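Chemist: Before we start, here is the structure in question, set down as structure tokens.
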Amino acid sequence: MVSPPGVLSSLLLLAAMAGGSSQQCSEGRTYSDAIISPNLESIRIMRVSHTFSVGDCTAACCDLPSCDLAWWFEGSCYLVNCMRPENCEPRTTGPIRSYLTFVRRPVQRSGQLLDYGDMMLGRGSPSGAWGDSLEDLRKDLPFLGKDGGPEETAEYSDDYKELERGLLQPSNQQDPRGSAEYPDWSLLPSSDGDFNASATGDNSAASTEKLQDLTPYPLDQEQLQSLNESTWSPTPRHSEMSSMWPSSVTASPTEEGLEGEETLQLQEQPNNSSGKKVPMPSHNPSPASLESSPTTVEKSSIFTVTPWSRDPGTPTFPASTVLPGLISPSWPLSPTTSRTVKALAVSAGDNLVLTLPNGEAELKASVEPAPPADTAYTYEWSLMSHPVDFQGKIKQENKPTLHLSQLSVGLYAFRVAVSGENAFGEGYVNVTVMPAARINQPPVAIVSPQIQELSLPLTSALIDGSQSTDDAEIVSYHWEEVDGPFLGEAFLDDSPLLRLSNLDPGNYTFRLTITDSDGATNSTTAALIIRGSLDYPPVANAGPNQTITLPQNTIILNGNQSSDDHQIVLYEWFPDPGGESKEMVMQGAQTPYLHLSELQEGEYTFQLMVTDSSGQQSTALVTLTVQAENNQAPVAVAGPDKELVFPVQSAMLDGSRSSDDHGIVCYRWEHIRGPSAVEMENVDKAIATVTGLQVGTYHFRLTVRDQQGLSSTSTLTVAVKKENNSPPRAQAGGRHVLMLPNNSITLDGSRSTDDRGIVSYLWIRDGQSPAAGDIIGSSDNGAALQLTNLVEGVYTFHLLVTDSQGASDSDTAIVEVLPDPKKDGMVELILQVGVEQLTEQQKETLVRQLAVLLNVLDSDVKVLKIQAHTDVSTVIVFYVQSGSPFKVLRAADVARNLHKRLSKEKGAFLLFKVLRIDTAGCLLKCSGHGHCDPITKRCICSQLWMENLLQRYMWDGESNCEWSVFYVAALALTLTVLTGAVTWVCICCCRRRKRTKIRKKTKYTILDNMDEQERMELRPKYGIKHRSTEHNSSLMVSESEFESDQDTLFSQERMERGVLKGSLNGSARSGVSFGYYSKDR
């Protein structure tokens, strides 16, 4: 139950507050021919248009919250928010028209007294856009220097200093009178926590406006509500009267208190012999204020209390909100005796204003007078109010200093109570934490629609720019015509909406330029097409959405599905302006196909704009998603362990063999343990250097990390030993024998030994070894030498090993490569088919067909190699075996047999056309007088020897070198001579036969009675003897074969011959022979 005096004092306080709320803003002190010297970086000045007198300027300042000073300068009005006293200090100047008028506002006085500077900072700027830019102020006020103040001015030293001391800077000692006067402007906080603000209007709205003033940048409604809720805790607040005062305190509102000013109530103690007065703050807001404003501090009523009274009717006060680490105030009270308490002058320091990210502060209390020499004061700090989301740290040690950290945005009120022997005092301090300074973002101009198409008879259009955005406020819109039929300025209106009418056919382009409250601008354009005839717009089709996964970072977007009723004349690709901006490479941006490369992880949006022959356009969007590939953890490789020989004191730590699927971004070397400290260089690189090594074993750890944060570690050991080195012993592996077709081998030199370890291996091919044969990789620098493609012959390799001290040793390895025992049986079959087109199934079919042709089993045909011969032919090397045990058939016989069998087949028996069948190797002996060409498979004979042409072309056709050139030449010469002789004889015989005519043989008849004259020898004409006359001794009558000649011989004596003939005939009949005389010739 509350006592009647307490109820009466509460009613009086409410009446005083209600009376003060109705008082209006009034004019304060005025200075003529004076200016101020502000710092333009920490003051807010706004120029007001359409003011005609000093009174109008002062009225404008009264109407604007947080305006402290009305400045009339050369016919222009400027409203000033001082923020700090030195910013509004008047200075005299020359005879110019300049008047400074400070305004007075009715406020209620709070017990949490703040000095002027902190109150100005706490007020901030008014809600909305407040203050002109520095460039505009310097143009309007050219006399301001670089620091924002006048270049040469004098100060109003007396009256403004008196104003500052008496009015602007309240003293820590409270005015003992019932009220205080504030002639120029009120500097103390009102009951709702604001400073120098009008008490009229809705308290909730005023609270929101004040919170905006405390914020360096405009807040939206949600942020304001959050800040209001966090400014004052909804829990019951600490009452400034929560402690039992050691003297009687009575609430006595004065006339000034009834006019709206809340005063400090002080009353002398009747039994206090010292005569000092104890300040008693009054914190009683009106009930309406408590109910309507969420930021209003809850305070208890003030009661008349008898010191140390234990009457059950005496009211008790609510405890203050004390956070962990703070001690609730407790007062040493004696229940039986009454003592005189000495009042201490306690100051908690100036009110603080912090701006995030600075959230730390230190409060320090000072007391006057100082404690006696042998005693000390007791300090108790308590948190009176704090934001709801307060989670800061308070370091309380019952000392004069209080440490604060991790403070959030809002207002904090602290109270410190200092007590000593028969002495007590308390002080208050406010800490205001403001949000971080706002960074202005330029506005974004948005027009809707961007492209608008109309067809006659429609000639009116509307373009909406109200969707433009800004982080603060857009203050102006400006439209202008960029292209198209001229409209004139009458059609353009500087408003968010552009209304157009009576438009002529054509293409129009309008630009919208917007300006925000900070002067930043942005512009965009809108296109308007007025068509005279009906033409349907094109339909853009950018294709379906695409998704790719890294490492693939290229793709082609296809827009050729776009259509139009006439013709599309232009394709345009560009990233969607509303999407995220990522780096990429675009090619073919004005073609139907957009080539994209160097894409990164994320989502891309592209817009395709197509334009038809009449200029109509259409757009379509396509989304491309680039997904990250699965990331694997890196693999750290610190390298092999090292052994060093003292006095070597440094080593290289090589981690460059560490790997990751996306690349390693971070290396870090650490010295884990060892016999002594070492110095390391480049510990964040792949290769580090360590120095200062001593004899012993050191352990180092390498940690690698990839782009996604995955890491891996590896450990390296470095052993430093004393010098005692023996040369190494090389072992190359001895002699090895290979038999073709096996043409690969590994020579193992790892059995080489050294007392400290071999650091390098080097394999060297002997100069007399065949040049053919390949070394795989860089194995010639390793312990094992890997060889392949060896040919028939003997290879010699020398192994050279070296230890860490440079000592070396060598050894030799021999590799003998023997010919293939199946070499004589390998057949080469060339088919007209590309090697890439021959399948395994087709190969098996070919094997079966060859087995049929050769009359063997499928398993007897062994395919050794299949390789390309040309781009359109393939070589198959195989051999044929038969019998048990298996015996390889001669390649020449197999090839000859295949030739015969294939030549008998009418059609193509094999799957593919056969281009050639031959032995794989050149197997001809060449009769021991030449060698076989491995390419042409023919004998190349030695000098003086040649091929047996008969065998080559008439018999088996095998190339050979059987004939000697000498024998062939002699035989050819002999044949030539014989042929010539026979030919000459034949010619001669033919000529003689043509000159000689053969006579008929003469028939002779033996005559019995022939005289001596008649027995003369008959000779042929021209003296040629007849053979019959040489052998016949008797005369015979003959009929000459040359009757014609006889007729010719005896033609002259025809008559005589006729007589003779008659006689002869008669004689013949009678057996008498004829005679032949020479004279008859």
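Note that Cβ sites are derived from N, Cα and C of the backbone, with glycine treated the same way.
Keep in mind it's a predicted model, so treat the numbers as computed, not measured.
Residues annotated as compositional bias 'Polar residues' in Swiss-Prot: 197-209, 228-253, 283-298. Look at Swiss-Prot and you will find 539-629 tagged as domain 'PKD 3'. Sequence annotations record features per position, and here Swiss-Prot assigns domain 'PKD 5' to 729-820. According to Swiss-Prot, the feature N-linked glycosylation site maps to N430, N522, an assignment based on sequence analysis. Annotation comment: Swiss-Prot describes 141-160, 168-216, 228-298 as region 'Disordered'. Annotation source Swiss-Prot lists motif 'Endocytosis signal' at 1004-1007. Summarising the annotation, Swiss-Prot assigns topological domain 'Extracellular' to 23-964. Marked as topological domain 'Cytoplasmic' by Swiss-Prot: 986-1081. Residues annotated as transmembrane segment in Swiss-Prot, with sequence analysis given as evidence: 965-985.
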Chemist: Taking the Cα atoms as reference points, how far is N430 (N-linked glycosylation site) from N522 (N-linked glycosylation site) in Å?
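Modeler: Cα-Cα, rounded: 42 Å.
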Chemist: Of all the glycosylation sites given, N430, N522, which residue's CB has the most CB neighbours within 10 A?
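Modeler: Max Cβ neighbours within 10 Å, all protein chains included: N430.
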Chemist: If you average the pLDDT over the domain 'PKD 3' (539-629), what number do you get?
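Modeler: 89, rounded to a whole number.
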Chemist: Per DSSP, what is the residue count of the domain 'PKD 3' (539-629) in each of helix, strand and coil?
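Modeler: So the domain 'PKD 3' (539-629) is made up of 0 helix, 48 strand, 43 coil.
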Chemist: Work out, from DSSP, the number of helix, strand and coil residues along the domain 'PKD 5' (729-820).
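Modeler: Its residues fall into 3 helix, 48 strand, 41 coil.
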